[in-house]
Amino acid sequence: MASVSSDEWRAICDKFTNAQNLTVVESLNDPDNDPFRSKYKARELLREIYCSLKSFEAGEGEEESGGETGESGESGESGEQLPVEAPVDGQTEEAFSQGFCGDSPAGLRAAKLGAVEYYLGVNHVDTEELSAGQEHLMNSMKLLGRCRVSSENVSLFIHARNQLGILWAGRDETETAQGFLETAESIYQRYMKEDGSPPTDMADYFSTEENQLTHQERTKRFELAYTHTMYYLAQVYKNLGETERAAIYCHSTLQRQLKLNQFSPMEWALNAATLSQYYITKGRYMEGRHCLSAATVISGLAGEVPSEAAAQESETESERREQLRQKRAEIARCWIKYCLNILQDSKKLLEDSIGELDTDRQEEMKRGRRLEEEEEEKERKSAMLFGSEDTFDSIASLEEKVRCLLPMDFTEARAIFLVGQHYVTQAKDYFQMDGYVTDHIEILQDHSSLFRSLAFYEEDLDRRCKMHKRRVDMMEPVCMELNSKYYLMIRRQMMFELAETYNEMMDLKLTLANRQDETESLDSHTIKKFNNLCSASAKYFQMFLDSLCSPEGKQPEHLEEEVLRPALVARFRVARLYSRLICTSPPGQVENLDKSLEHYKYVVDYCDSHPEAVATVETELELSREMVGLLPLKINRIKAKIHANN
Amino acid sequence: MSKSKSSESIKVVVRCRPMNEKEKAAKFEMVVSVDVKLGQIIVRNPREAAANEHPKVFTYDSVYDWNSKQIDLYDETFRPLVDSVLLGFNGTIFAYGQTGTGKTYTMEGVRNDPERRGVIPNSFEHVFTHISRSQNQQYLVRASYLEIYQEEIKDLLSKDQTRRLELRERPDTGVYVKDLSSFVTKSVREIEHVMNVGNQNRSVGATNMNEHSSRSHAIFVITVECSELGVDGENHIRVGKLNLVDLAGSERQTKTGAQGERLKEATKINLSLSALGNVISSLVDGRSSHIPYRDSKLTRLLQDSLGGNARTVMVANIGPASYNLEETLTTLRYSNRAKNIKNKPRINEDPKDALLREFQEEIARLKEQLEKRSGKKKRRRRRRGGEGSDGEDLEEGETEEDEEEGEDKGDYWREQQEKLERERKAIMEDHSLVAEEKLRLLKEKEKKMEDLKREKDAGEMLSAKVKAMESKLLVGGKNIVDHTNEQQKMLELKRQEITEQVHHIL
């Protein structure tokens, strides 16, 4: 082979630099009718380099058995599709134990030729000639196959497999892609275990001595290639439906970006916060909390939010302010979901059949929560830690502020609630009503749900009732402010929630009154309160039902699927509310019961004429049928009494 | 269309362009056939291996083959939509399809050739013709033009083309683009000018021009506000909004024009780590979680058109040649899905953000100011008439009817100025005054003259402003009188009749 300092060699290096420049820089400016012009030029240069390398070999009389790989690009040009049969990647074991040394002349030559094949392969893939690209990449693999993995060639080993992974994934041959990428993964791991020195980058093969990369730069490029392996594997697993594995690889990708300092703080933080949402929906709160804490800490690395004054002075500051505030508010919203989910999950565990706290179960769960539990978590945790030396402590101290075990009583629940509420304030500070209606309301709804979950643990009914009152207070004005023309869905959700909240308050008031006063009758003050809550609940259910009407105010004959159950349930609930209104005058009672009957009848009639609705409201329908049978009797009895009294 | 039904599907039409010279020369096979009567597009796979395969058949609201005329397309498909915009509905036209299938020809066509004019110029003509023939209505037409490229919104009509705009929401008026400029247009020529300015801005500043134009979405919005006296004696405003949307090319997101084989559709791997967020969020079950990645800006901005308060027509463009088979099928499948989207259009009556209302109120306010001014002047004149009398102003608010303001006003100003000038001279010549006193009096007079001038300018500006604002409001008949009107109307009616007949026959 030509000596590294010869002119011939220099010419090759120049050509290579040129080809790289064409591929990366020039190609961006190619015209529409000739979009691959620069890449085709680069391809020519690479081919020339290939030939030169070959001729060096010939000149030096070293017989090379790889000659038959030759010019393989031709087949691609003809536009013919090669038979697509999935190749199987060689074993990692062989790659480490067989073939000639990476730093032997033969090994170096193979690596160089392999690199050119690699670049030719990428070039063909980029220009949509997959079959030719595949062939070049496979040639590259074949050449390397004769060598043992070493610092001289390991980078190429990884790169070529990454590319083949992408290529096969693009053909919907996901398993084949998986094979290549997993081999890359194990080669990396074994190399790092057995050698670990900064490996030669492929660009180094074709640069003159003075332009060689530093060790640091070599490591950086090599590690980045492997980060991509992780990232591609995450996608491959996702496409294979292996969500959990995909999440692990996303996690590793994030971990590596952080460790190798290859990340932009805000982007990273947002990704980590998003990953937390995967964990919390799987009930893995320790992982979720770790992601969120890291997200908060790393987002802090992006610097202080510029002041309003600074933002007014310059456009860039204003944009930065906007970006930082928005993304931090997004992270806060992910925290809210963490708190909400953990509260709701424990509620699900602890509630009895009527949605009240099951104290026996609570005791049992508390006893069952062993000390070792947290120890176990620590072990699990070491595998997924984020952080560098300087961020590690801040992440850990943030984690300590909120527990990741399901809360078992009011005190524990309240601690989580308060953290959630803290983030609600933070998120609302950016997502204000004016400008961010949908976001603002989503946050309000979460806040309301936080209260609702906390109320579950509250034993004092009066205080519980006050919590529900807070929910009403935050939603009622907003619901009325919204224009239904643009926010119909959101308004419907809010109306429904308001109706249910009033209903809950009404029930609580009644229980309270009955507890305080064991005697039969309620005092007039309580009756008035009860009736007010009852009417308010009915009012919002009715508003919801009215929102389904046509612009002319006509009830829809056919309820659409997405509102079918809510509409029928609302009818049923209104019916019940009317029958519960406390009224001392018999004619008033009759009036309320008539209304009640009317709504029960609607549910029954609708289900009779729309059999497809039956399945969605089975319980409600059964009760409605019963009431339609019973209420007329009751009404008649009262009517008879009125008649008798007259 | 039944009247009681409040929801209606998106109307989807497909147009297939003819083979071009290049395709003919290369002897590409024609794989698409169009059955105009049945509204079907039939695509067969030319590959031998697929010889036994049945051709794929897609049915749409209408289909147009290579012989279709621009005006037929407009009359059958777009005219009813633009008509409903003039009635106060929202309307949206989506143009969709692979680059090079005639999207631009359908939307813009050949501007100066009435025969080959596309949807956009036809709709301009349509809107302003309608206004010119209207009676007892006042119109305000304005236009905005924006582009979405890589999730960034650019105002194509703004002077500063580097600025990015944000989507915002208000509780009373919904989603809007903050700081988006809009221009009031009074004629076809003006609105065309607005569009041309935007089109020029669309092509500057892009680092990679071709990629940019085929991967960006452009939305031209025409807002037509119409005010009319209602039976209740109040002015009512209806606002119709027409979105003309040029969607990014539907080809795969890689470049076209490759020499070699083509990729087939597949779940491809994202190469850039910048998409890690998308990969992660695709793993998250969205129900009880928050995902910090929003819907696309395009979807949010046009949410009304895709399952909301709007009438929507989607026109998909395809090419007939075999080498586009995959893309043609992708376009057809996509369009098929669009048919299932249901909209609930309503007339937008008296919305809070109607500009016309603001204009009317502003004009009324300015007019009132002007009247007050002339009232004040008259008062003074009268006072001047009864010289020496220093009585109270009892004529407050009294205004004479119909004076020829302009000349009268001119006289008044001149008189005032001459009078001041005379007084100034008198002071100068008055030797009895001490120098200081003289200076003081002179200064006073000068100040008075300045005040007078300022007042005059203000008055002129006010009336100019009223004129300018009034000129932006369009009314029928007066503004655009064209004698061809009646003739044209007849012709159009004829054409419409024919179109309807054809539909009956089908």
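A Cβ is built for glycine as well, from the same backbone N, Cα and C atoms used for every other residue.
Here the structure is a predicted model, which means the values were calculated and not measured.
The domain 'Kinesin motor' feature in TrEMBL is assigned to B:9-341.
Cβ neighbour count for B:K103 (ATP binding site) (all protein chains, 10 Å cutoff from its Cβ): 24. According to TrEMBL, the feature ATP binding site maps to B:G97, B:Q98, B:T99, B:G100, B:T101, B:G102, B:K103, B:T104.
The region 'Disordered' annotation in TrEMBL covers B:372-413.
Positions annotated as compositional bias 'Basic residues' by TrEMBL: B:374-384.
Taken from TrEMBL, the feature compositional bias 'Acidic residues' applies to B:389-408.
What TrEMBL lists as coiled coil is B:435-501.
Within the same chain, residues at least 6 positions away in sequence whose Cβ sits under 8 Å from that of B:T101 (ATP binding site) are B:R17, B:N317, B:I318, B:G319, B:N324, B:T331. Ranking the binding-site residues B:G97, B:G100, B:G102 by other CB atoms within 10 A of the CB puts B:G100 at the bottom. Residues belonging to the coiled coil (B:435-501) score a mean pLDDT of 74 in the model. B:G97 (ATP binding site) carries a strand DSSP state (E or B). Within 10 Å of the C-beta atom of B:Q98 (ATP binding site) sit 23 other C-beta atoms, taking all shown protein chains into account.
The number of other CB atoms found within 10 A of the CB of B:T104 (ATP binding site), across every protein chain shown, is 16. Each residue in B:R17, B:G249, B:N317, B:G319 lies on the same chain as B:G97, B:Q98, B:T99, B:G100, B:T101, B:G102, B:K103, B:T104 and has a C-beta within 8 Å of the C-beta centroid of that ATP site, without being one of the site residues.
Secondary structure at B:K103 (ATP binding site), taken from DSSP and collapsed to helix, strand or coil, is helix.
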